[in-house]
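Now, the feature entries from TrEMBL:
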BINDING   G31, G32, H33, D50, F76, D91, Q98  S-adenosyl-L-methionine binding site
Amino acid sequence: MSHIPVMLSEAISFLELHDGMKYLDLTAGFGGHSAEILAKIPHGELYLVDRDNAAIEHLQKIFSQSKNVHIVKMNFADMDFSVKFDGILADLGVSSLQFDSSERGFSYRFDSPLDLRMDTDEENQLDKLLKLDFKEIAEIIKDNSDEYQAEEIALVMKRRYSEGKLKTTFDLKHAIIEGKKGKDIKRGLKRTFMALRMFVNDEKNSLSKMIERVSASLNPSGRFVIITYHSIEDRIVKDYFKERDDMKMITKKVIQPSYLEVQSNKRARSAKMRVYEKVS
């Protein structure tokens, strides 16, 4: 299993790292961005947050000798530190620890129990969703992915669930394929899995709560670098900071990965980076 951090050099550059200062990675995951940040601040402090138990275990291993690294298991929506930071990073992409694990139920590439939880200590909300009326399921899929055939997919999902045939990722995959009726199947699979994952992990609400706490967590002139991967996330971030006068966007446009990066890391292709600075 390997993980290539997205827009690594851009993130490091825009964070404007200074040794001796404090930084926070809200989505530490595999530790790709975190390791590079730490290399730039040998006398600073780095706080690493993730809600995934596997990520926390991995981070504890790779940073076991780093006395200036603080690892915290929590949902970034609950960010509440007694210290303030000089830079905060949030990369909203699904970690390879989740997406490339055949046991986690995040991908339709592997046949595994249907789970989709980032924090396996939490109750799985998927069963509650599948007990809803198919129109409510369709609304959740559409709201979290803009999938235009959400009703057709939800109808098949509901029928298969009532028949006891919606227990694995492949069960869901086949339900989506049936609902799509041969139209744009690959995109339908991606969108539906994403929509259900976002619902199970309450991702939109968590993102909104997190960005509301960013300004209070930063020192004056501190930077916030955030990487989104689809229009729904990006819209939440853009619309929120548009109304803030204490956080200014420091680039005229969003930053996107280079052609060469996308060629070497396909998961970077939809990434958008926004950079904000706290006004003194």
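The backbone N, Cα and C atoms fix where each Cβ goes, and this holds for glycine too.
TrEMBL does not curate its annotations; it predicts them automatically.
Keep in mind that this is a model prediction, so the values were computed, not measured.
Listed in sequence order, P5, L8, A11, I12, D25, L89, D91 are the same-chain residues at least 6 apart in sequence whose CB falls under 8 Å from the CB of H33 (S-adenosyl-L-methionine binding site). In this structure, of the binding-site residues G31, G32, the smallest number of CB atoms within 10 A of the CB marks G32. D91 (S-adenosyl-L-methionine binding site) has a Cβ environment of 24 other Cβ atoms inside 10 Å. Considering other CB atoms within 10 Å as the measure, the emptiest surroundings among the binding-site residues D50, F76 are those of F76. DSSP assigns G32 (S-adenosyl-L-methionine binding site) to a helical segment in the three-state reduction.
Under the three-state DSSP scheme, F76 (S-adenosyl-L-methionine binding site) falls in the helix class.
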